[in-house]
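According to TrEMBL, the features are:
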DOMAIN    43-70  domain 'C2H2-type'
DOMAIN    71-98  domain 'C2H2-type'
DOMAIN    99-126  domain 'C2H2-type'
DOMAIN    127-154  domain 'C2H2-type'
DOMAIN    155-182  domain 'C2H2-type'
DOMAIN    183-210  domain 'C2H2-type'
DOMAIN    211-238  domain 'C2H2-type'
DOMAIN    239-266  domain 'C2H2-type'
DOMAIN    267-294  domain 'C2H2-type'
DOMAIN    295-322  domain 'C2H2-type'
DOMAIN    323-350  domain 'C2H2-type'
DOMAIN    351-378  domain 'C2H2-type'
REGION    362-387  region 'Disordered'
Amino acid sequence: MLETYSNLAAIGYTWEAHNIEEHCQRFRRHRRLKRSYTEEKPYKCSQCGKAFSQRSHLHAHKRTHTGEKPYECDQCGKAFSQCSHLNTHKRIHSGEKPFQCNQCEKAFADHSYLKKHEKTHTGVKPYECNQCGKTFSKPESLRIHKRNHAGEKPYQCNQCEKAFADYGYLKLHERIHTGEKPYECSQCGKAFSQQSHLNIHKRTHTGEKPYECKQCGKAFSNCSALKIHERIHTREKPYECNQCGKVFSHGSSLRIHERTHTGEKPFECNECGKAFRKRSALQTHRRTHTDETPCECKQCGKAFSNSRGLKIHGSIHTREKRYECKHCGKVFSHKPSLRILKRTHTGEKPYECNECETAFPKPSALQTPKRTPTREKPKPDSGGACL
């Protein structure tokens with residue numbers, strides 16, 4: 001094309017007079033359009049062999065190998081390999097969501113997110129896993145799922161070496177290290193690392209619980225909470241401890257349990273130094289320093305530092321006794337009472353007097369203030385009251 005123009009220019013034709021630039025642009029557009037129909041991909045990556053229909057797409061792809069990210073956000077400094085990715089990212093800051101679903105009016109910052117969302121209305125899942133039969137609406141979702149069967153996790157974090165089956169999961173994980181939380185609640189200002197977490201959080205303000213259990217009618221603000229709940233009905237416990245064989249209904253419970261074997265207590269109180277296996281246990285403990293009692297009984301107004309204490313107290317009003325001893329059939333309104341009774345059957349006496357070494361099944365049996373309980377193995381020959 002340019003060679004032809006050179007010949008024309010030589011005999012006095014000009015670029016502007018004959019609008020040759022526009023003609024060239026039309027030709028290039030036509031060539032790109034033709035490739036989209038013929039699926040012709042003449043531009044191949046020399047590193048991985050992936051092919052593209054346009055040279056610009058190949059250049060953008062090459063940056064995945066080099067790690068080059070020339071497009072930087074002027075608000076938060078985050079960099080991207082493609083200009084289009086930067087433009088999509090900027091909508092996080094502006095709140096712009098130009099792509100709207102015509103069925104539910106939900107809006108998205110990126111057109112690809114809208115296309116994925118639209119499939120939730122059709123319910124069509126044509127891509128089926130040949131190993132477990134699970135179906136998916138997108139081929140890439142099936143491809144990622146198959147890695148679970150193969151144990152393949154090609155995307156590794158370069159800070160903690162944790163690996164993922166999906167690149168998107170890796171990018172979300174990296175925010176743990178960077179502390180990046182780009183999604184902020186417009187009502188309370190709380191920020192989140194993921195858009196989905198913000199969406200779930202917003203329901204605490206609206207009270208919306210769109211995910212309902214088909215068996216008991218209980219509703220939840222997010223899908224994962226519903227799935228965990230459904231295991232109560234199915235009694236499914238897919239997570240097994242490889243040390244003791246104990247099984248759990250969800251992964252977080254297994255991780256907490258594993259700390260009983262390792263002795264790990266990663267959550268430490270910054271006031272007294274006491275450490276805990278669970279974050280929730282630390283949060284409850286902190287209230288002993290602040291005297292905070294946010295959990296109030298709606299019937300009598302009595303307040304507690306944690307929901308467990310409130311739940312135990314609630315049985316006073318309901319008179320519900322759901323903890324039954326398998327040895328004698330006696331029932332109790334809360335679990336600690338059942339645990340103490342069981343010791344009368346097993347003979348276990350874990351609370352020992354530090355003065356006379358007499359052991360007891362419960363700490364209240366240590367009558368004298370000077371005597372403090374120490375958790376030791378039960379004494380087989382101990383008995384009677386410690387006077």
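Backbone N, Cα and C atoms are what each Cβ position is placed from, and that goes for glycine too.
Mean pLDDT for the domain 'C2H2-type' (239-266) in this predicted model: 90. Look at the domain 'C2H2-type' (43-70): DSSP puts its residues at 12 helix, 4 strand, 12 coil. Beyond its flanks by at least six residues, the domain 'C2H2-type' (155-182) meets 76, 78, 92-93, 144, 147-148, 191-194 of its own chain at Cβ-Cβ distances under 8 Å.
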